[in-house]
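Asker: Sharing the features that TrEMBL gives for it:
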DOMAIN    5-49  domain 'Calcium-transporting P-type ATPase N-terminal autoinhibitory'
DOMAIN    116-184  domain 'Cation-transporting P-type ATPase N-terminal'
DOMAIN    235-333  domain 'P-type ATPase A'
DOMAIN    838-1012  domain 'Cation-transporting P-type ATPase C-terminal'
TRANSMEM  172-190  transmembrane segment
TRANSMEM  202-220  transmembrane segment
TRANSMEM  354-375  transmembrane segment
TRANSMEM  395-425  transmembrane segment
TRANSMEM  885-904  transmembrane segment
TRANSMEM  919-937  transmembrane segment
TRANSMEM  958-983  transmembrane segment
TRANSMEM  989-1009  transmembrane segment
Amino acid sequence: MESYLNQNFDVKAKHSSEEALEKWRNLCGVVKNPKRRFRFTANLSKRYEAAAMRRTNQEKLRIAVLVSKAAFQFISGVAPSDYTVPEEVKAAGFDICADELGSIVESHDVKKLKFHGGVDGLAGKLKASPTEGLSTDAAHLSQRQDLFGINKFAESELKSFWVFVWEALQDMTLMILGVCAFVSLIVGIATEGWPKGSHDGLGIVASILLVVFVTATSDYRQSLQFRDLDKEKKKITVQVTRSGFRQKLSIYDLLPGDIVHLAIGDQVPADGLFLSGFSVVIDESSLTGESEPVMVNAQNPFLLSGTKVQDGSCKMLITTVGMRTQWGKLMATLTEGGDDETPLQVKLNGVATIIGKIGLFFAVVTFAVLVQGMFMRKLSTGTHWIWSGDEALELLEYFAIAVTIVVVAVPEGLPLAVTLSLAFAMKKMMNDKALVRHLAACETMGSATTICSDKTGTLTTNHMTVVKSCICMNVQDVANKGSSLQSEIPESALKLLIQSIFNNTGGEVVVNKHGKTEILGTPTETAILELGLSLGGNFQEERKSYKVIKVEPFNSTKKRMGVVIELPEGGSLRAHTKGASEIVLAACDKVVNSSGDVVPLDEESIKYLNVTINEFANEALRTLCLAYMDLENGFSPDEAIPASGFTCVGIVGIKDPVRPGVKESVELCRRAGITVRMVTGDNINTAKAIARECGILTDDGIAIEGPVFREKSQEELLELIPKIQVMARSSPMDKHTLVKQLRTTFDEVVAVTGDGTNDAPALHEADIGLAMGIAGTEVAKESADVIILDDNFSTIVTVAKWGRSVYINIQKFVQFQLTVNVVALIVNFSSACLTGSAPLTAVQLLWVNMIMDTLGALALATEPPNNELMKRLPVGRRGNFITNAMWRNILGQSVYQFIVIWFLQAKGKSMFGLDGPDSTLMLNTLIFNCFVFCQVFNEISSREMEEIDVFKGILDNYVFVVVIGATVFFQIIIIEFLGTFASTTPLTIVQWIFSIIIGFLGMPIAAGLKMIPV
């Protein structure tokens, strides 16, 4: 079975081709209810629609760019546009409407933009200030929203409960049974009168309605869970200026006229125009499919919603929001495309298909044998031409039994149990600070064998402070010195240092609405800006004193950032740079000495500074070097900032403590067979110190630098990679290479953490991409499968635990359901062949189907994880889903249950002294009762597939206890009070005790089976 499933029902956890998704759908035969079976699978037609929309966008933009280029050439001769402002817009106090704004940006219409007075002219017409932003007055914002719309795209409405009821009724077998019930009612009432003749028909109708409502309730609850998770996925905030203050705002609250601050890795939240900024490169592939990045500046100011900032930073003016943008229209279509189905869902669809075909064959044979037995009976009495109403009802009952065998045999609940388990796990993981973006990641994480983790913010707290410095060749303990440090630095050097800190930064010091000073930016920038403030610097004054000519933002490849400023005295230019200490120091040929004079950097000074860097790094400090150079007058902003010739001002050591609980989590991973590797851009000594503190770097492990790793041949990598525990000074491509090698060459299931834009390739390549919720950029989150909301390594271990729990829960449910399938099939089939009648009626089989399908899934697929899960080795990439241990348990239980029922059929009457007209009914009721109690106790045994103690932690899962309790309660009701409808009769106390004992005996047998090695 496993090889057949791997051949035909195998899809990847990520990036499956449309052909693979189409293939397994076509192979699915014997589907009782396609609406329900395929509800949580991708809507391929909607995806084709979205792809077509992307192609249209690409063509539109290509034409728009060509037109705007042509417009530039004729711009001087532009005739005034015939645009007139609509009356309601004028009345509201604005001079431009939403449609006109939309057409300017979407069509890249330079001519219209020029007519409206450029970007500043548009801001004026929108009554927005490029410096102060919009007013925070609620009435003003509400009016603007009414006129220009909200920044949300149209979503499909949440289905009501009755839609799920209607979908549950679409089940083909339930429809056939409904027809049988209707015919049974008519024939029964015609032959036996009302109400006696209606019992069989009404019994089937009641069973169908019960199945439908229980199924619909379960499905409806699931859909609510997914909707809650979708809301969480869409919580994106951006930096906005309103009423002169920088603040964080949800992208859904943005309005035309808002001033938004964008940086590397941000997603453009709405259509708009570039106001100011440096080196802005935009990736438009998500909107157009075009991989070539686009430069955005004052000449090409158009920014489209949904595109990503690949480099640089800028301020933008929002012009168009929501469904008026191309991104809004594309997203509305894409959300209907749905998530890819998970590998387990597809595999279990395969299992359901195989068993469904077997069940269909048995159902047809059972019906044929029952009809043949009846026909032979009539033939022997010579009444084969005369048919009574009772005989017609009997024939109908045979047909209903055959259909119900299909109901029980086709395990429609298998793929749906995966969704149920995943929905439950995702909801719980949300509470544990992990947001799952793709369903498949939940189950794949359970198989993870390697975690490649970032250092900063994941293993450490990301609360950074400068604790040591080496300024003007003097090593100082900043943490203890505080403000007295400035008196020990020469005045000229202090001025240079403050100039470097406040001008060469991606952060900002602002006064918030409460009048308090607030530092905005990454933790590293915040730490350095705090140092600048403690040295007596004033951010605003410093920024006003110098004109910024060029900015080169930090990126993981260069590992440094730079800025060129114009000095007020004489208009000369100066470049400042800061970044990885050894890289910036290598670009220096001079240094500021203890007297504040610039002197050449000799060998002794270089050695002293390198020793200082290593000392800081060995204390687990992050080191940064700050340097500057005065540029020749011929420097152009289009040129790159020089790579060498700098003067070293100083080195700072930044403390970023290890998170509490990380060491224990790493040890837990090691016991669970998961290797943890640290991949960081930091200095190798800092990385080694932190890795030892976390328990990642062991005596037999290797720490390697990215540039060294890059030079290795494939043969050397084969020997090296299994030993690598730390990779320092790594570039994004080193991370990508390591992940690819681990996945392909070593067949590992790899989870990777990332927070930056440059981590996107590795997150995309990994089996599970884990993005950081706090420090992560929107680009990283977009490429990830799971977002770690608290950026904590311990949360990643929790995700692995939940992943294992999902995988094992579904295995438990499959084991339980296949046992019921096998027994119900064999019992009814063999009984029909040998005795000419089936012991389990249609109504009884429908009840059994509900126990094992919806209720069984609820009970077993929602087991919470326990710590024992992390003591097992991971399944890995090649593990069989239906294991030998599962087959052993299924076959062992099936044999026991079949022997018990067969024994009761053969010897039951004599054993209990049953005689008289109701003896067969009494015996069949006893068989039905024993069969149900066998399932109840087998459900408890299925909680553990290898362990003997199945009661451990049973009370922690209240759903399981409630399901078992409800099953037993309704079984008593069916037997004792609903006999007329369910073809049962009340049992004696002895028979009840016997049924329970027979069921309970399955538990020691299950325990015995677990001791058989496989």
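Backbone N, Cα and C atoms are what each Cβ position is placed from, and that goes for glycine too.
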Asker: Would you kindly list the residues that approach the transmembrane segment (885-904) from elsewhere in its chain, counting only those six or more residues past its ends and only Cβ-Cβ distances under 8 Å?
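Answerer: Beyond its ends, the transmembrane segment (885-904) has Cβ neighbours at 811, 814-815, 818-819, 822-823, 826-827, 830, 839, 911, 923, 926-927, 930-931, 934, 938, 941-942, 945-946, 998, 1001-1002, 1005-1006, 1009-1010, 1012, 1014.
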Asker: Is the transmembrane segment (919-937) packed against any residues at least 6 beyond its ends, judged by a Cβ distance under 8 Å, and which are they?
Answerer: 816, 820, 823-824, 827, 839-841, 844, 847-848, 851-852, 896-897, 900-901, 904-905, 908-909, 912, 964, 967-968, 971, 975, 979, 983-985, 987, 991-992, 994-996, 998-1000, 1002-1003
Asker: Report, as numbers and ranges, every residue of the chain located at least six residues beyond the transmembrane segment (395-425) whose Cβ falls under 8 Å of a Cβ in that stretch; write 'none' if there are none.
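Answerer: For the transmembrane segment (395-425), the sequence-distant neighbours (Cβ-Cβ under 8 Å, at least 6 residues beyond its ends) are 30-33, 36-37, 39-40, 171, 173-174, 176-177, 180-181, 183-184, 187, 200, 204, 218-219, 222, 225-226, 342, 344-346, 348-349, 351-352, 355-356, 358-360, 362-364, 366-367, 370-371, 374, 436, 439, 442-443, 802-803, 805-806, 809-810, 813-814, 817-818, 820-821, 824-825, 828-829, 832, 838, 840-842, 845-846, 848-849, 852-854, 856-858, 860-862.
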Asker: For the transmembrane segment (989-1009), what are the same-chain contacts with Cβ under 8 Å, counting residues 6+ beyond its ends?
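Answerer: Here the qualifying positions are 888-889, 892-893, 896-897, 900, 912, 926, 929-930, 932-938, 940-941, 948, 950.
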Asker: Could you put numbers on the helix, strand and coil content of the domain 'Cation-transporting P-type ATPase N-terminal' (116-184), residue by residue per DSSP?
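Answerer: So the counts come to 40 helix, 3 strand, 26 coil.
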Asker: Give me the DSSP three-state residue breakdown of the domain 'P-type ATPase A' (235-333), ordered helix, strand, coil.
Answerer: 18 helix, 48 strand, 33 coil
